[in-house]
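S.K.: Dumping the structure here so I can ask a few things about it.
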Amino acid sequence: MSFRKVVRQSKFRHVFGQPVKNDQCYDDIRVSRVTWDSSFCAVNPKFVAVIVEASGGGAFMVLPVLKTGRIDKSYPTVCGHTGPVLDIDWCPHSDHVIASGSEDCTVMVWQIPENGLTQPLTEPVVALEGHSKRVGIITWHPTARNVLLSAGCDNVVIVWNVGTAEELYHLDSMHPDLIYNVSWSHDGSLFCSACKDKSVRIVDPRRGVVVAEKERAHEGARPMRAIFLADGKIFTTGFSRMSERQLALWDPENLEEPMALQELDSSNGALLPFYDPDTNVIYVCGKGDSSIRYFEITEEPPYIHFLNTFTSKEPQRGMGWMPKRGLDVSKCEIARFYKLHERKCEPIIMTVPRKSDLFQDDLYPDTAGPDAAMEAEEWVAGKTAGPVLISLRETYVPSKQRDLKVSKKNVLHESRPAPASSTGSATRLSATRLSATAAPTTVPGISISTAPGGGGRLEEVLQELQALRLQVKEQGERISRLEEQLSRIENGDV
């Protein structure tokens, strides 16, 4: 009996990662050395923000996406915090608004100028004070405008209305220990959290209740992460009792056993998951690792399918993630990471190889756009709405310009041709075939069929062709003279 290995079909099987060239990196950035397991980097289609070393307080750098190369040491930073910055997050509904949490126990929201910073930014648009210990987690609501969640080392989660600088919800009795991370659901009605007590909780902030809880989601004592998927399931990363790194997928309706559980390796860096709801692909980056693993989540067992690994030489100190609307769809780019080294930020592009240069509908379904689905007051009143979707087709630019191929064979029209255009471009002659009852008469460059007794017609056509060639030659000479004049004017000779 012959056994044939069946390979699972997936459009993402051949996704590959490619770091950009050195001149497209952001060099000479002093990435923060603070011991905290956040990503240290936040990206949107306009700006890259990186938490940096700062003396006498906390700071982060905001660079326009196109400002690559070496960054001057005197480049201005956002430096209003009095303690190190621990986490930053761009507002999904405004590419110029960013929030930061710090060891100084405050949350600050900043407005970045259109073209980036020209001087240090020390005054936030709003400062939110409500935590009694350092604030290590910041995350914006995915669909409601001006709603921001913060979590601190005081084990308190606060949901803010940034527009009015007031607390909406103060959740201080749900987490008995340090909160590792918080993730909103796709429509923002719930959030899930991973805690040092090894529990994963699903919380309804508006009702102030824990909807579901899984104790000992991962047996290990090291930090874990939990994120919501688009279909409501929960994906977690953590450690086993033997300190092996694990991935797990959970159904909130039944948290007794995981739907899937996979062990990766025995490294000790916390695993940071990045989820793309459009493709259902999860990218897992370990702090201190030099690789990015990616997995596809499907409806059929084993649910978590390993795709591939991107490997590089240098370990990563943090990682940024570009929203889908900031990607180059004409190159089939499905993800872009911003890997933090000790002194630089290096973009890494994930691409699906495709031969066609047409827009790939299957890779780019409608994705979350920059418009909010509702206001903060509507969300507080109980409204729930998914993100407002946009099509990426409008951002598509063909990668190969299709040149028009013109045959040098002239095809003549029965009627008298129009005179040459004043632009001097080659004259195009459209034609219908002359009725052919006799053998064709061959003339260099053209093929004409003449009927019996059609010699006079041939002579007439040749005269017209000669006149047209003369006109084209004259127009070409005129263009040459004008180009010479233009060149002399540009060089200052006239």
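Backbone N, Cα and C define each Cβ position, glycine as well.
Automatic, uncurated: that is what TrEMBL annotation is.
Positions annotated as coiled coil by TrEMBL: 458-492. The compositional bias 'Basic and acidic residues' annotation in TrEMBL covers 407-416. The feature compositional bias 'Polar residues' is assigned by TrEMBL to 420-429. Sequence annotations record features per position, and here TrEMBL assigns domain 'DUF1899' to 5-69. Taken from TrEMBL, the feature region 'Disordered' covers 407-429. Annotated repeat 'WD' per TrEMBL: 78-120, 128-170, in sequence order.
Structural setting of the listed features?
M.R.: The helix, strand and coil residue counts that DSSP assigns across the repeat 'WD' (78-120) are 0 helix, 22 strand, 21 coil.
Long-range neighbours of the repeat 'WD' (128-170) within the same chain, counting only residues 6 or more positions beyond its ends whose Cβ lies under 8 Å from a Cβ of the stretch, are 36, 38, 83, 86-93, 99-109, 176-179, 181-184, 186-188, 191, 193, 203, 205-206, 208, 368, 372-376, 378-380, 385-388.
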S.K.: So what pLDDT does the repeat 'WD' (78-120) average out to?
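M.R.: The predicted confidence over the repeat 'WD' (78-120), as a mean pLDDT, is 96.
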